[in-house]
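Sequence annotations record features per position, and here TrEMBL assigns L-histidine binding site to ASP103, ARG252, TYR256, TYR257. Positions annotated as coiled coil by TrEMBL: 316-343. For 3-59, the entry in TrEMBL reads domain 'WHEP-TRS'.
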Amino acid sequence: MAERAALEELVKLQGERVRGLKQQKASAELIEEEVGKLLKLKAQLGPDESKQKFVLKTPKGTRDYSPRQMAVREKVFDVIIRCFKRHGAEVIDTPVFELKDFDIAGNFDPMIPDAECLKIMCEILSSLQIGDFLVKVNDRRILDGMFAICGVSDSKFRTICSSVDKLDKVSWEEVKNEMVGEKGLAPEVADRIGDYVQQHGGVSLVEQLLQDPKLSQNKQALEGLGDLKLLFEYLTLFGIDDKISFDLSLARGLDYYTGVIYEAVLLQTPAQAGEEPLGVGSVAAGGRYDGLVGMFDPKGRKVPCVGLSIGVERIFSIVEQRLEALEEKVRTTETQVLVASAQKKLLEERLKLVSELWDAGIKAELLYKKNPKLLNQLQYCEEAGIPLVAIIGEQELKDGVIKLRSVTSREEVNVRREDLVEEIKRRTGQPLCIC
């Protein structure tokens, strides 16, 4: 136990060193060297026999944002972290500045953790309500097997893979020209690749390729197709198979992927009826990387891993653009009600009322001016996204009421002062006091 505690402390210190280097914008070579040391230390801790899930958590305060931008970021982060925790994740701070990661490490039966990662990805994107999306899946073993039967030499696997990965951005003809003209691939080999990589579909395509006379004779491809068929069974049980597309052009450029790979793209509405939706950019991605952690383990232990990353910066931009297009206000505060005055010389009454609301557990505030103009107070609510305004006026004081205004609908009602707390709680969804 003491040895493990010492290792954990070393991991923590090395993590802080890597974080510091990134913040100082040190050279890529130095950061890579220190990250390698960090991974070696983590590998020495060894795999846990129990189910391991962990989140690489992005620091929130690394840049200056406007209140509106901060509000958007907080909402996005909250959706992501709630989903991760719902799936049993432990949140770990790490120096990753643009992604939110969820990973499952350990030896488990095939495709069960992979299916859960895809379920998490779909849950997050659905909860964020950023538009229709599609998750493309493939398997590196299928890709490697396909290249082999098409006649691609081992030395060209990765460079051809990077060309194929561009098919979501450019046409097949452009990809073929790059493979033949720039990378020296024979035209007939490129054509054979084209016959495969332009196919996409669901489990029926997996079954079709399992019967392919050439692909089914390749051991790697056969293993990958078998796992994908099983994966689709689990995705159907999870109710997300309609969001998943088996896409043979998905390559994911990182060499450390060893099995299933996936990438989520937002879909653009077709310009004409009958056209397929177009992908307008990746917002999440991931896959299986069974060999990466073991590379840094001095004992050579294999630690199978599968995970996903959410592209939070891209999502932030999308959410902000859509809010601007819809001219929607974003709440930049959790305040539920602003205590306002309709005339001058009512500061004392505002202070008394806001104190009553605070004592009742209501999130309330007031402007720090003796005699603010009513229009300025209402504008402040609109800009900050405060939903309610409790307005005190001379007539209201005489009548023993408070004017409660909805900021969005601008509807105003007089509420008896003794009933104000209960009315605010009812409108904001807080539990009512049962006396």
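Note that Cβ sites are derived from N, Cα and C of the backbone, with glycine treated the same way.
Note that TrEMBL annotation is computational and uncurated.
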Listed binding-site residues (TYR256, TYR257), ranked by Cβ neighbours within 10 Å, top entry:
TYR257
Let's check the environment of ASP103 (L-histidine binding site): how many other CB atoms sit within 10 Å of its CB?
21
Cβ atoms other than its own within 10 Å of the Cβ of ARG252 (L-histidine binding site), all chains, total 20
Mean pLDDT over the domain 'WHEP-TRS' (3-59): what is the value?
65
L-histidine site span - longest C-alpha distance across ASP103, ARG252, TYR256, TYR257, in Å:
17
